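**Q** First the structure, then my questions, so here it is.
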Amino acid sequence: GRRPCCNECGICDRSLDPMCICEDLVPQCHEGCQACEKVDTGTPMYQCRSFEYYHCGPICY
């Protein structure tokens, strides 16, 4: 399937096709996120805390 976009990838593993933790705060976690955490910033936002495959980069739509 299509990989979810991540503007700011944090820690990534060192494999050839790296899995990363996405630092983005989003209105809802992408389908397939295994560890979705609610982050309260005044409005409820979510962050996926599991290592997943992403398209990383600042211009990702």
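Glycine too: its Cβ is placed from the backbone N, Cα and C atoms.
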**Q** Quick test of reading the record: Swiss-Prot lists a disulfide for Cys9. Which of Cys48, Cys56 is on the other end?
**A** Cys56
**Q** Of the candidates Cys22, Cys29, Cys33, which does Swiss-Prot name as forming a disulfide with Cys6?
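**A** According to the record, the bonded cysteine is Cys22.
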**Q** Disulfide-wise, see what Swiss-Prot says Cys12 is paired with, picking from Cys20, Cys29.
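**A** That record, Swiss-Prot, gives the partner as Cys20.
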**Q** Check Swiss-Prot and name the cysteine among Cys5, Cys36 that pairs with Cys29 in a disulfide.
**A** Cys36
**Q** What does Swiss-Prot give as the disulfide partner of Cys48, choosing from Cys33, Cys60?
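**A** Here Swiss-Prot pairs Cys48 in a disulfide with Cys33.
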**Q** Among Cys6, Cys22, the disulfide-bonded residues in question, whose Cβ has the most other Cβ atoms within 10 Å in this structure?
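**A** Checking each of Cys6, Cys22, the winner is Cys22.
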**Q** Let me know how many other Cβ atoms fall within 10 Å of the Cβ of Cys36 (disulfide bond).
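**A** Cys36 (disulfide bond): 14 neighbouring Cβ atoms within 10 Å.
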**Q** Among all chains shown, work out which of the disulfide-bonded residues Cys5, Cys9 has the most CB atoms within 10 A of its CB.
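**A** Of the disulfide-bonded residues Cys5, Cys9, the highest Cβ count within 10 Å belongs to Cys9.
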**Q** Consider the disulfide-bonded residues Cys12, Cys20, Cys22, Cys48 and say which one has the Cα lying nearest the Cα of Cys29 (disulfide bond).
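**A** Nearest in space to Cys29 (disulfide bond), counting only the disulfide-bonded residues, is Cys48.
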